[in-house]
Amino acid sequence: MAAIKLLVLSLACACVIAHSPIPPASRTIFLDERLEGGAFENIDAFENIELSNVVASPYRLPTTTVPTHYKILWIIDIHQPVQTYSGNVVITLHATQAQVNEIVIHSDHMTLSSVVLRQGDTVIPTTPTAQPEYHFLRVKLNDGYLAYNADNAVLYTLSIDFTAPMRDDMYGIYNSWYRNLPDDANVRWMATTQFQATAARYAFPCYDEPGFKAKFDVTIRRPVGYSSWFCTRQKGSGPSTVAGYEEDEYHTTPTMSTYLLALIVSEYTSLPATNAAGEILHEVIARPGAINNGQAVYAQRVGQALLAEMSDHTGFDFYAQDPNLKMTQAAIPDFGAGAMENWGLLTYREAYLLYDEQHTNSYFKQIIAYILSHEIAHMWFGNLVTNAWWDVLWLNEGFARYYQYFLTAWVEDLGLATRFINEQVHASLLSDSSIYAHPLTNPGVGSPAAVSAMFSTVTYNKGASIIRMTEHLLGFDVHRTGLRNYLKDLAYKTAQPIDLFTALESAGNQAGALSAYGSDFDFVKYYESWTEQPGHPVLNVQINHQTGQMTITQRRFDIDTGHSVQNRNYIIPITFTTGANPSFDNTKPSHIISKGVTVIDRGVVGDYWTIFNIQQTGFYRVNYDDYTWNLIVLALRGADREKIHEYNRAQIVNDVFQFARSGLMTYQRALNILSFLEFETEYAPWVAAITGFNWLRNRLVGKPQLDELNEKIVQWSSKVMGELTYMPTEGEPFMRSYLRWQLAPVMCNLNVPACRAGARAIFEDLRVFGHEVPVDSRNWVYCNALRDGGAQEFNFLYNRFKSHNVYTEKIVLLQTLGCTSHVESLNTLLTDIVTPNQMIRPQDYTTAFNTAVSGNEVNTRLVWNYIQANLQLVFNAFASPRTPLSYIAARLRTVEEVVEYQTWLNTTAIQSALGTNYNAIYGDSVATYNSILWVSTIEDSLSTYLTNGNDVIEPSTSTTSTTAAPTTVTQPTITEPSTPTLPELTDSAMTSFASLFIISLGAILHLIL
């Protein structure tokens, strides 16, 4: 082992001394992709490491004892100058095997004043010991073992007194402040919780893993004048034995995991819905200033409808899950998680729950609806049936994300089935295209940090996409039957993926839904091919239009190289249709392929376009031979465009952008295909285009091709913007309004005169005459007024932010204030972000700071100057200094800027301030360097198209007939993208890369040694 370390260290030293040439930088997944994403998204940092040879994690609790019941008293001192919580927990537990002499549970950041183990009334002498590195409390018997009986468990009780200061980091039991109305001078404090994934151990000693389910009886002691809420209905309330307090006792919970508990102590008001007996079944609670202004009405209506719809869909009524359950939706002023599915007490940021018809735009309206749906779906997928461990978190979050869209679509007309394509399928295909992407089922997750990393785009978005693919494989009714059986069989238990697979397979077999796929089709292996291995395939389709023979080669897609060297085969459901008889309605697969090369008979001969993956139900990309691409382009530019499903047009846009980025296709070819956007007016293709163009435009800043590309985008968007116009029309469909909300800011960024002038005029109408800007136009109107204005415009909007009572409007303002380039105004904003002054909330620091950097192209330098002048103040505001610095690194535009930034990082004072974060922060600058170098490899191809325009493609005609595919086929030659030659690095850059190499080498050593 020592010899290996010495050898590697010697190699590393040799690299530094010799300044050996660095291989061309081919990494094209860049830092800013971690920063681009909507609310409630979990954007991967592409830093997950595939784990193998997994051993039991030292962070996992032993299963030698298990709890059955907790009795908890929480004492919440939210009204005191020093805010604390304390209490007592009595855990009923038993041994699961003989010769157990130690009980191991979780406890962290608490003072324990008493730890007593009893069997009945007999005290068992023990020695408690803390093991803080694993958050463990070890209670060792001084003599003998716990009694064990396999047939009749011998019960013990472990009683622990605890106390802790109220947290302020939005984990465990923490404090939050609010004003009933913005001009209220009286700041009010409340206590609330966030336990997922590993923070229940901050609130009380417990078995803080999802697999240790138990029942809970809870009493909350609170100050007089406050109210409390818990997961279940209140059993009773009365004076405490301690003066100035009252105690609320709650009914027993269902059998549940610790991370799903929650409590609130506040002076909130409720908007209730009761049954005939007057019992509250569903309520929304929030600060009185929001409830009294009607901001809870929308969530109350939609929440009840979603709960009823999900109860019907699952065949398992929510209120039948346990007689003590009710549904409370709570708006929390400070809430880092966004929303949380605590069983019966769901918690949300205000912006994700409270709706005001005059001041909440369509974006936040749909967020409120679909986050309600996500959390309500968890009552079944996550709460009733829980992932056995966080390595299969997709069993919880994949289904919640799936129903976030489709459950909402059954209740509200918000275009969510369409938007699933852009927001879930396309987003997860990108995250999953890195060689570092983790599989959905990811053994080896142990530490709290590793658990946190599982809350990723792959887990949420890919999980939901694979579930959708499987639903189309089985059919909706069969899929629902299988899910109902899964929930029924595993209610109040934990689940592994095989439990889901067998339930769905059984339903499929009983209904005959799997017979069409042949006797060799193994449903479990199909599902495992998508959950147990990372990545996804690109299908390379070559069509002989004279014979109808289609040769399909699958390769794992790699965003950096096109085809991954880590090739894998997936079991892929295939659908396709042709121009001979186009049909995009039947999404049931016609073929299942699992081999590297497969031949399929198209069924017709002749020059007909062919499109695979109908409605993009499958989780894969499709690349065609050049001739077939030409036929598709002709169709998209002509009358056949309307025959091709909107989702498939969006699929083509997204695929083509990623093929060009990875080198599977030139940008000249890609833009030829994308030229059909000139005639496109639908939502999904244009949102896919916006995403692709924004990514490319960010990399072309300072390049001559940027202005030419901008002109082309304006040209192509003239038809859709001509139909939409810049102002909403009364009664228009939601998706038209939402497309305008997406496109209008882009038009202003492209300096379209109608947009810039319109924004200025609308803003002045607000500032001078008080006429409100239409809610769906405020994002682009505010931003462009600030870009074109100065201190006057900034002060007007900042005062509006400070005084507004609707949090969704405050967020829109916070997201646009950074558009100012006025230095003093920008510095005012930055100071209020990083100074604890109850002006901007900690949960919004990252949003506000990122907007300050990215809201205006000139701001990167201004914000970096501010950071350098206020280093400690900025670093203190964030959990990690990497957060604010990553925003700077992502927007450096030239090699000179990167080198200047790296030189600053390498100063002794900055390295000392960054500490252990230095390596990651320096690595961010290297990622940006790679981005700059990558652009040089595509400039010629881009320029060729922008200069010459579209290729001329001549249509051809032929007759239709059927033909059988040949019985054998020669595997086609796959053209690999060439590795581009990048500019040589400067000495400074070479030293930087050498340093990064050593950092990476150290990480590898840590893993393998």
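Any Cβ shown, glycine's included, is placed from N, Cα and C.
Listed features, source Swiss-Prot:
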type     : residues                               : note
BINDING  : GLY338, ALA339, MET340, GLU341, ASN342 : substrate binding site
BINDING  : HIS374, HIS378, GLU397                 : Zn(2+) binding site
SITE     : TYR460                                 : site 'Transition state stabilizer'
CARBOHYD : ASN906                                 : N-linked glycosylation site
REGION   : 955-980                                : region 'Disordered'
LIPID    : ASP987                                 : GPI-anchor amidated aspartate
Listed recorded positions among ALA339, TYR460, ASN906 whose Cα sits within 10 Å of HIS374 (Zn(2+) binding site): ALA339
Integer Cα-Cα distance in angstrom, MET340 (substrate binding site) to GLU397 (Zn(2+) binding site): 11
Residues near GLU397 (Zn(2+) binding site) in space but at least six apart in sequence (CB under 8 A): GLY382, PHE455, THR459, TYR460, GLY463
Distance from HIS378 (Zn(2+) binding site) back to GLY338 (substrate binding site), taken between C-alpha atoms, in Å: 15
Recorded positions compared (ALA339, GLU341, HIS374, HIS378, ASN906) - the one with the fewest other Cβ atoms within 10 Å: ASN906
Rounded inter-Cα distance in Å - ALA339 (substrate binding site), HIS378 (Zn(2+) binding site): 11
Per DSSP, three-state class assigned to TYR460 (site 'Transition state stabilizer'): helix
Lowest local Cβ density among GLY338, ASN342, TYR460, which the record lists as recorded positions, within 10 Å: GLY338
Sorted by sequence, non-GLY338, ALA339, MET340, GLU341, ASN342 residues with Cβ within 8 Å of centre, substrate: GLN194, GLN196, ALA337, LEU346, THR347, TYR348, GLU375, HIS378
Spatial separation of HIS378 (Zn(2+) binding site) from GLU341 (substrate binding site) - C-alpha basis, Å: 6
Length of the line joining the Cα atoms of ASN906 (N-linked glycosylation site) and ASN342 (substrate binding site), in Å: 45
Additional residues surrounding Zn(2+), by Cβ distance to the HIS374, HIS378, GLU397 centre under 8 Å: GLU341, GLU375, ALA377, PHE381, GLY382, ASN396, PHE399, ALA400, ARG401, TYR403, GLN404
